[in-house]
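> Below are the features listed in TrEMBL for this protein:
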TRANSMEM  A:18-39  transmembrane segment
TRANSMEM  A:71-89  transmembrane segment
TRANSMEM  A:101-119  transmembrane segment
TRANSMEM  A:125-144  transmembrane segment
TRANSMEM  A:156-175  transmembrane segment
TRANSMEM  A:202-224  transmembrane segment
TRANSMEM  A:245-270  transmembrane segment
TRANSMEM  A:286-305  transmembrane segment
TRANSMEM  A:312-333  transmembrane segment
Amino acid sequence: MSVVAATRRHESRRARTVTIGLAVALVALFALSLSYGSFQVSLPDVVRSLLGQPTPPQVDYIVQTLRLPRALVGVLAGIAFGLAGAIFQQLLRNPLASPDVIGVTSGATTAAVLSIVVFSTSGPVLSLVALGGALITALLIYLFAWRGGSVGGYRFVLVGIGIGAAMAGLTSFLLTRADVRAAQEALIWLAGSLNGRTWDNVVPLAIASLILVPGAVLLGRPLTGLQLGDDVARGLGLHVERGRLLLLIVGVCLAGTATAAAGPISYIAFMSGPIAARMVGGGRPVLLPAGLVGAVIVLAGDFIGSHLLGPAQFPVGVVTGVIGAPYLLWLLATANRTGRGG
Amino acid sequence: MPAPSTLRAEELSLGYGDRHVVDNLTLEIPAGKVTVIVGPNACGKSTFLRGLARLLPASSGTVLLDGRSIHSTPSKDVALQLGILPQGPIAPDGITVADLVSRGRHPHQGYFRRWTAEDDAAVTAALTATGTLELAARSVDELSGGQRQRVWIAMALAQRTGILLLDEPTTYLDLSHQVEVLDLLTDLNETEGATVVMVLHELNLACRYADHLVVMKDGAIVAAGDPGEVLTEQVVESVFDMRCRVVPDPVSRTPMIVPIGRHRTGGVS
């Protein structure tokens, strides 16, 4: 076997091993979150309930109505945030360029809070509104960052952070003007929480994931060219603008629908890609593993927040924020030192 | 490798926004030869090369590849005949040499036609030709500037095109590595009959390695042809705004430019 084939095989094998390992961890966490809680359900009972076989009283209600939607939202939102972050970071070649740092998620949040507070919407309508917010914000960033026919990665990040701050300000303003109860509801959602998720949250997210996740994985092919810079990519026969636009649209839609379903769970998009890239190694675009890392972090964070921090229940976004904020600071410090900030 | 296609710029104008950089330029690239484009900074030589490779849209005029407009030919078909190594390509963090060079196979693949033995052979040949086969499993980040440049050239070679365009392939390299890269490209031209077009800064090396020398100034071609006929003292003086002597290179007998500045001229004036 040639050296080239051997190296390529080694890299593919490592990516496959990591993907399988993450999938196994995810299934284990999923089972744990269905079974563990103030009312313990044994794993065999969980499986029986999922398969529609007879179970002890209350088990069906607890598993299918209370815990399954919550766990599914966690998995799907985690995958969506992880994929969206990895797409943005790898496309713009900047670890800071994830949708939760550059304001795309903030835009979805502002739109969602507006519709919760003013129109008391929920379910599929809320999803669409949040998605619209994400798309409009991304378009704004794109327009402001556009200069002379190209969009530079660093410029995109700076403009995005600015627009994100403006959106956050708008969200705060909406909350101060809102009715207390509506504001309370919006605040819980704002922390990024899986509490009280129902099938109404699962369905739109699942439908979006069915389209967007395979789309993202297919777009991994143009991404391998775009990673090398626009000129090299064009030289290899790629349609640079079309590829970039499609990747950005898929990324924004993933971030928007995930935000609608679970709230802006902090730093999942930001952390998942780099963690997955480190696990997989090499320089290939890391998409599916990033999504799986996102889902694992969300389920683990939700489990920690619900069961391991004493009697009080913390939303998953609080837990992930505690991990993500130091990482952001570390990245800012080291990126400036090595001069790779842009 | 396919027989080299013909490449021709016809009344080509290029620019960025409102700024015109290359104006109404017509040039036939000799097939199966090494063409070197030289000229002072900001004369439009890189822009012209990018235009030839359809990286920049033409503001007027056209580029013909085998008689067909390069802009109306599907980009992927062009990529099977014409490869370009632009200036300052970006290697993703952590990418291995084998992976980077493999990406040169992109136009030969598709969503459903993935990696084949032919791809493998092309990448191995490109690594061997550039002397980087033993680096295959290494990370590009760890390489020296010279090694990295050879790896990028290997990526362009792996594309297996009859025409190869390179924008200053020797920048950032020390003299021995510059000569090494130019020898490598000459090998490619002689053994595979590939058409090579490159922008170079160093006039003496340009004269030595070019079959066909193109001298540009202010977005236009001043002279083109055999280096021995083209590069006279008058041409250098008018294009580079510098007085010089042109003597035969003691090694290759091609023109060698000896600049004359204000100091240390040994009495020549």
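Positions of Cβ are set from backbone N, Cα and C atoms, glycine also.
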> Should the transmembrane segment (A:71-89) and the transmembrane segment (A:156-175) be scored as in contact, given a threshold of at least 3 Cβ pairs under 8 Å and pairs 6 or more apart?
no
> Are the transmembrane segment (A:312-333) and the transmembrane segment (A:245-270) near each other by the rule of at least 3 C-beta pairs under 8 angstroms (pairs 6 or more apart)?
yes
> At an 8 Å Cβ cut-off, counting only pairs 6 or more apart in sequence, do the transmembrane segment (A:156-175) and the transmembrane segment (A:101-119) clear the bar of 3 or more pairs?
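Yes, the stretches contact each other.
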> Using a Cβ cut-off under 8 Å, which residues of the same chain at least 6 positions beyond either end of the transmembrane segment (A:202-224) come close to it?
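Distal contacts: 69, 72-73, 76-77, 79-80, 83, 87, 90-91, 123-124, 127-128, 131, 233, 238-239, 243, 246-247, 250-251, 253-254, 257-258, 260-261, 284-285, 287-288, 291.
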